[in-house]
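Chemist: Have a look at this one before I ask anything.
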Ligand code: GDP
Ligand code: IMO
Ligand code: MG
């Protein structure tokens with residue numbers, strides 16, 4: 001069977017966790033392929049909210065295998081705290097959670113390096129989640145990293161020491177004030193490593209190959225969003241991995257001709273957390289309303305998310321780069337009560353009208369051109385069938401489908417699993 005992908009098309013936090021959870025009953029395996037604990041994926045069911053960072057969002061379904069792929073970076077300390085929370089919920093993860101030996105490990109000093117790098121940048125900081133993501137991927141591509149499989153080797157602690165020592169000298173090179181107690185951080189780290197070692201490590205590319213051969217269904221769960229992709233995002237204000245479809249091939253060992261559906265997920269408006277350009281960002285009451293009604297605070301850092309209108313130039317670009325076959329629109333309920341909605345359909349770019357996503361999208365280069373559409377007053381949160389959706393919402397969806405030339409097959413109207421409306425292709 002082909003591997004289906006679910007990817008965020010904006011700057012992250014589109015609602016990936018919720019939809020993966022909703023779709024998990026259709027799949028044997030849910031696999032994360034990139035990112036790490038910079039992600040915060042929220043699931044809500046039976047009146048409870050769960051936030052996952054590294055563990056795939058299929059973990060609450062007993063019969064599903066959850067795989068942490070080679071492209072992921074794992075912080076054992078955060079991983080352990082996720083496992084502790086699952087234990088509190090009586091989730092038996094020992095059978096259902098498997099980890100690639102080729103996944104890289106985030107060391108305590110990677111987190112410190114992230115903090116030092118950000119502090120040294122001053123106003124130009126990326127707004128990183130400070131989880132050590134950038135430094136860990138730098139060590140991966142620099143061929144210095146420590147991988148999960150290394151924990152099975154007898155000399156891994158010496159390799160750890162050598163790398164941590166090197167990191168300490170790099171931290172002092174930054175010449176910024178970072179207070180830390182490495183001994184304490186290491187005590188916590190080594191304890192968490194023991195927990196990690198009690199889980200199943202696998203050669204995940206072989207595992208996935210065999211699963212595909214025996215017709216198992218697999219869904220790859222993206223983290224972050226296309227506009228945070230290291231190559232195609234708003235560089236340098238991006239994360240350090242490929243968040244787009246190609247990342248699933250390298251992050252799991254799946255060949256491109258074995259990719260099936262590509263589910264692209266987007267909010268009915270746009271949000272961004274951290275620094276970087278955002279053409280449709282709002283600084284007025286509409287933006288404040290979106291933030292308040294949408295409860296737009298980061299699931300990992302608690303930072304307020306910046307809000308703005310839907311940007312079809314950026315969304316079209318993300319659909320192209322990923323080869324999206326189906327779209328899912330989230331948080332339509334948040335826009336209830338907005339009299340008029342604005343949708344950016346083109347940019348004014350250095351005097352020209354353009355419809356493609358250009359190299360520079362800073363405010364001095366790009367001015368969004370909006371089409372206005374009628375909003376809907378109805379509360380959507382109790383709706384469960386497409387036939388209940390108000391005309392103005394259907395018109396909004398029709399408009400987006402026409403612009404993007406891709407069907408919107410799911411409309412999400414609230415954080416709960418049940419607040420999900422399926423539409424025919
Ligand atoms: P992810 O990182 O893509 O998994 O998304 P996050 O979990 O970081 O952020 C999405 C937030 O929106 C979470 O708080 C979800 O519970 C919530 N959410 C998801 N879908 C909907 C929806 O349709 N309506 C509303 N109001 N909230 C939603
Ligand atoms: P999920 O999977 C939203 C942003 C950070 C920062 C930039 C780089 O929940 O959608 P990093 O820590 O990766 O070096 O930060 O990327 N960022 C996210 N924004 N959702 C995420 O994940 C994010 N992961 C990273 O805010 O701007
Ligand atoms: Mg999130």
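The backbone N, Cα and C atoms fix where each Cβ goes, glycine too.
Automatic, uncurated: that is what TrEMBL annotation is.
The GTP binding site annotation in TrEMBL covers 12-18, 40-42, 305, 331-333, 412-414. Here TrEMBL flags 13, 14, 15, 16, 38, 39, 40, 41, 129, 143, 224, 239, 303 as IMP binding site. Residues or ranges marked as Mg(2+) binding site in TrEMBL: 13, 40. Among the features that TrEMBL reports, active site, proton acceptor is placed at 13. According to TrEMBL, the feature active site, proton donor maps to 41. Feature annotation from TrEMBL assigns active site to 140. What TrEMBL lists as substrate binding site is 299, 300, 301, 302, 303, 304, 305.
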Chemist: For the recorded positions 18, 42, 140, 413, which sit with their CB under 6 angstroms from an atom of ligand 2?
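Modeler: None, as no Cβ falls under 6 Å.
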Chemist: Neighbour count first, Cβ atoms within 10 Å, every protein chain included; then name which of 12, 15, 40 tops the list of binding-site residues.
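Modeler: Answer by Cβ density within 10 Å: 12.
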Chemist: If you check the recorded positions 40, 41, 301 one by one, which have a CB less than 6 Å away from any atom of ligand 1?
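Modeler: Result: 40, 41.
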Chemist: Measure from the Cβ of residue 299 (substrate binding site) and count the other Cβ atoms within 10 Å, all protein chains considered.
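Modeler: Counting Cβ neighbours of residue 299 (substrate binding site) within 10 Å gives 18.
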Chemist: State the Cα to Cα distance, in Å, between residue 303 (IMP binding site) and residue 42 (GTP binding site), rounded to an integer.
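Modeler: Pair distance, Cα basis, whole Å: 15 Å.
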Chemist: Give me the non-local Cβ neighbours of residue 129 (IMP binding site): same chain, 6+ apart in sequence, Cβ-Cβ under 8 Å, ordered along the sequence.
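Modeler: Set apart from residue 129 (IMP binding site) by at least 6 residues yet with Cβ under 8 Å, we have 37, 38, 274, 298, 300, 301.
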Chemist: If you check the binding-site residues 40, 299, 301 one by one, which have a CB less than 6 Å away from any atom of ligand 3?
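Modeler: Once distances to ligand 3 are taken from each Cβ, 40, 299 fall under 6 Å.
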